[in-house]
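**Student:** The structure is given below, and queries will be raised subsequently.
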Amino acid sequence: MTKTLPKDFIFGGATAAYQAEGATHTDGKGPVAWDKYLEDNYWYTAEPASDFYNRYPVDLKLAEEYGVNGIRISIAWSRIFPTGYGQVNAKGVEFYHNLFAECHKRHVEPFVTLHHFDTPEALHSNGDFLNRENIEHFVDYAAFCFEEFPEVNYWTTFNEIGPIGDGQYLVGKFPPGIQYDLAKVFQSHHNMMVSHACAVKLYKEKGYKGEIGVVHALPTKYPLDPENPADVRAAELEDIIHNKFILDATYLGRYSAETMEGVNHILSVNGGSLDLREEDFTALEAAKDLNDFLGINYYMSDWMEAFDGETEIIHNGKGEKGSSKYQIKGIGRRVAPDYVSRTDWDWIIYPQGLYDQIMRVKKDYPNYKKIYITENGLGYKDEFVDNTVYDDGRIDYVKQHLEILSDAIADGANVKGYFIWSLMDVFSWSNGYEKRYGLFYVDFETQERYPKKSAHWYKKVAETQIID
């Protein structure tokens, strides 16, 4: 049976400042940690990325032409405050006013994120969100943006608090490149959630007319053998690291006894302790019912089995299928069952995981209000032929996930929109320019845009709400 989505459903496309804008040192923009980190550790940089800084009118015109009625944009913090605080960069402010005006001109609603992996270097080198001073700096930055940009109707504080901590302190593929420090992972998650809570409370106290939420990456975790208690435990612990800890902070305003038992076990095995203060929980508690929506980024699920050995994580950054490894002492090891398929970057394709995660939020956090799928898509080594890309695999991937959303809505979940990652091809943090996600192919040398087959398909779905 053909499935449908509601008439008022947002069919969006997602971007991020550092991955799309380029212009990393233009018009007074301050440095971010990624600038030097990429030069020192990778074979690519974020110049020119998709040159969105100059070509956003082209991308928004394409969005309008192809039925995309929402766009995720992030503000580059260091474009507004080059050092993270203090002096405002007027040219950065002007750029975002112009960008948001173009969005509204093209009838593409901007969903604006304040922080998408790009803390200004001056703050990052001072401990980033492990340093509690950053909480205050972030809230000041948020307060400025809320007041300066009343044309924005939908705000999110952070993009993917979980993967920021993981990338910086567990996998070590984000600056500062620290590996296997679980205490830093949890502390980063916690301090960022306190920052989120303070910003949300401020937004509501000021009486702004828009909506505000947060974007969490929520990869669903399953036991490899559901009958094996050790595998079940491994999946539960992995879920605490990546999902439950930050969801509890968002919607409970505290960490459940079950969550803290898992955290304490993980730290007892791996070392370290947390600084959780009474005033933190006062802030979390005050904001737990103020979130207007939850953004869920979903790409994949993982299966876990019990594991007693030493921690080892190998990141597959070049699309060499089967080269990744993930095992954490005292938690478990990721082992994919035979029946699931995976991408060249070892990301497991499992649409059912999105349904299960949405229903988990609905059941465990009934104060969630509504959900947007703020990122979902398929990274490909696209083959550019005849001025297009015949990306049937991407179409199939998105179709399956949209069908899952139709099912979730039918089963009572309040899902209001979907943002494909990404609107156009963008630079990828730890994969460079080879891994493409866009509806529009970008020739990174000429910066020309070309609609892929998926863009034509997405337009039809957006216009009809029929998933076909």
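Cβ atoms are placed via backbone N, Cα and C, with glycine included.
Pasting the feature list from Swiss-Prot:
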BINDING   GLN19, HIS116, ASN159, GLU160, ASN297, SER428, TRP429, LYS435, TYR437  D-galactose 6-phosphate binding site
ACT_SITE  GLU160  active site, proton donor
ACT_SITE  GLU375  active site, nucleophile
**Student:** For the binding-site residues TRP429, TYR437, work out the Cβ neighbour count at 10 Å and name the residue with the minimum.
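**Tutor:** TRP429, out of the binding-site residues TRP429, TYR437, has the fewest neighbouring Cβ atoms within 10 Å.
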**Student:** To the nearest whole angstrom, state the Cα distance for the pair ASN297 (D-galactose 6-phosphate binding site) and the residue listed as 'active site, proton donor'.
**Tutor:** 8
**Student:** For the D-galactose 6-phosphate site made of GLN19, HIS116, ASN159, GLU160, ASN297, SER428, TRP429, LYS435, TYR437, how many Å separate the two farthest Cα atoms?
**Tutor:** 20
**Student:** Fewest other Cβ atoms within 10 Å: which of the binding-site residues GLN19, ASN159, ASN297 wins that one? Let me know.
**Tutor:** ASN297
**Student:** In which DSSP state, out of helix, strand and coil, do we find GLN19 (D-galactose 6-phosphate binding site)?
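**Tutor:** GLN19 (D-galactose 6-phosphate binding site) sits in a helix per DSSP.
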**Student:** How many Å lie between the Cα of TRP429 (D-galactose 6-phosphate binding site) and the Cα of the residue listed as 'active site, proton donor'?
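**Tutor:** With the alpha carbons as reference points, the distance is 13 Å.
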**Student:** Just to verify a number: CA distance, TYR437 (D-galactose 6-phosphate binding site) to GLU375 (active site, nucleophile), in angstrom, no decimals.
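**Tutor:** Counting only the Cα atoms, the answer is 11 Å.
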**Student:** If you measure GLU375 (active site, nucleophile) to ASN159 (D-galactose 6-phosphate binding site) at Cα, how many Å is it?
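**Tutor:** Spelling it out, the Cα of GLU375 (active site, nucleophile) and the Cα of ASN159 (D-galactose 6-phosphate binding site) are 10 Å apart.
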**Student:** Secondary structure at ASN297 (D-galactose 6-phosphate binding site) (DSSP, helix/strand/coil)?
**Tutor:** strand
**Student:** Return the residues near GLU160 (active site, proton donor) by Cβ distance under 8 Å, restricted to its own chain and a separation of at least 6 in sequence.
**Tutor:** HIS116, PHE117, VAL215, HIS216, ALA217, ASN297
**Student:** Tell me whether GLU160 (active site, proton donor) sits in a helix, a strand or coil according to DSSP.
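**Tutor:** Where GLU160 (active site, proton donor) sits, the three-state DSSP reduction gives coil.
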**Student:** According to DSSP, folded down to helix, strand and coil, what is GLU375 (active site, nucleophile)?
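**Tutor:** Where GLU375 (active site, nucleophile) sits, the three-state DSSP reduction gives strand.
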